[in-house]
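S.K.: I'd like to ask you about the structure that follows.
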Amino acid sequence: TMPSIFSYQSAEVDWCEGNFERSAVIAEYYNTVSVGTSQGQEGAQRLWALLLGDRTTLFSLLAPLNFLVLEGAGSKSWEFHCLQQPALFPAGVFSTYFHMTLSYVGQLLDELSILWSLAAAYSFWYPEVYFPRFIKSRKQFFWLTGVTTVISTLMSFIKPALNAYALNCIAFHLLYLTWRELKKCDDKRVHRTAAAMVVLWVLAISSWISDRWLCGFWQAINFPYFHSFWHVLIAMSLLYCCPLVIYFDVNYELPSFKPKIRYWPRDSWLVAVPYVALEKPHKQC
């Protein structure tokens, strides 16, 4: 009989870390723990938001799925808050579930939650200046993104082992968009944030490829943990990516607010967390 799609190790892919070596119920212990660690940065970000005070609000830096909501128009200060989309939390849960069980269902839930999260981010944040010529409005772009995502979802069932490669290729398009935007921006802090994002992404994807292609070598020296490094490094890269997206989005949609990239806890620190500060627009008589 065919194994259940929910059963342990029914997925088409496996990673370099040995299975069930440290727990009888967790297939890949360190891969599972590292996913939880990278997702857990969100709680710390909320604390940082409180420390920054009410004049500059820290955006959620880990997840690319946030709406910018303007509030307090009649108050003394203007604040931007972000409402985190429900799509992010399942992505972390499903990734943890996948590495815990290595099940076929876990693999698809992990990959498809990322795909749909990216689709939502593209739908809301993709700059209109880069729309294809046949797209005339954001609503039409929503439909294009939705149809493309549905087709990609169906195709992902054909050869699930290729899904992760396809998802990683989306990063090249994001890097291309970042390069296009940096050509129009001379703010040194924006360039510094982009450079940190790229360096961390290169380290992350190098860890992913190394775990995938050089597994025999890492197992021979008893160090098969590069997929765990991937989880942490890609989360750190997103800490720099999301403020950039927010910065460019505000420049396009609300230029009067004059967004600025700043760093917590100090701008002068070599390693610091970037966030977006917004200046209150001056009212015209």
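Including glycine, each Cβ sits where the backbone N, Cα and C put it.
Nobody curates TrEMBL annotations by hand; they come from automatic prediction.
OK, TrEMBL features for this one:
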- ASP14, TRP15, GLU17, ASN19, GLU28: Ca(2+) binding site (BINDING)
- HIS99, HIS227, HIS231: Zn(2+) binding site (BINDING)
- 141-158: transmembrane segment (TRANSMEM)
- 164-179: transmembrane segment (TRANSMEM)
- 191-209: transmembrane segment (TRANSMEM)
- 229-250: transmembrane segment (TRANSMEM)
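Tell me what's around each of these sites.
M.R.: The 10 Å shell around the Cβ of GLU17 (Ca(2+) binding site) contains 24 further Cβ atoms across the protein chains shown.
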S.K.: Taking the Cα atoms as reference points, how far is HIS231 (Zn(2+) binding site) from TRP15 (Ca(2+) binding site) in Å?
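M.R.: Cα of HIS231 (Zn(2+) binding site) to Cα of TRP15 (Ca(2+) binding site) measures 13 Å after rounding.
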S.K.: Which residues, given as numbers and ranges, are at least 6 beyond the ends of the transmembrane segment (164-179) yet have a Cβ under 8 Å from it?
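M.R.: For the transmembrane segment (164-179), the sequence-distant neighbours (Cβ-Cβ under 8 Å, at least 6 residues beyond its ends) are 13, 111, 114-115, 118, 127, 130, 152, 156, 194, 197-198, 201, 205, 208, 241, 244.
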S.K.: Given the Zn(2+) site residues HIS99, HIS227, HIS231, which other residues of that chain have a Cβ within 8 Å of the mean position of their Cβ atoms, reported in sequence order?
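M.R.: The surrounding set, listed in chain order, is TRP15, GLU17, GLU28, TYR30, ASN31, THR32, SER34, VAL35, SER95, SER228, TRP230.
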S.K.: Between the Cα atoms of HIS99 (Zn(2+) binding site) and GLU28 (Ca(2+) binding site), find the distance and write it as a whole number of Å.
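M.R.: The Cα atom of HIS99 (Zn(2+) binding site) is 6 Å away from the Cα atom of GLU28 (Ca(2+) binding site).
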S.K.: To the nearest Å, how far is the Cα of GLU28 (Ca(2+) binding site) from the Cα of HIS227 (Zn(2+) binding site)?
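M.R.: It is 10 Å, counting Cα to Cα.
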S.K.: Among the binding-site residues ASP14, TRP15, ASN19, which ones place their C-alpha within 10 angstroms of the C-alpha of HIS227 (Zn(2+) binding site)?
M.R.: TRP15
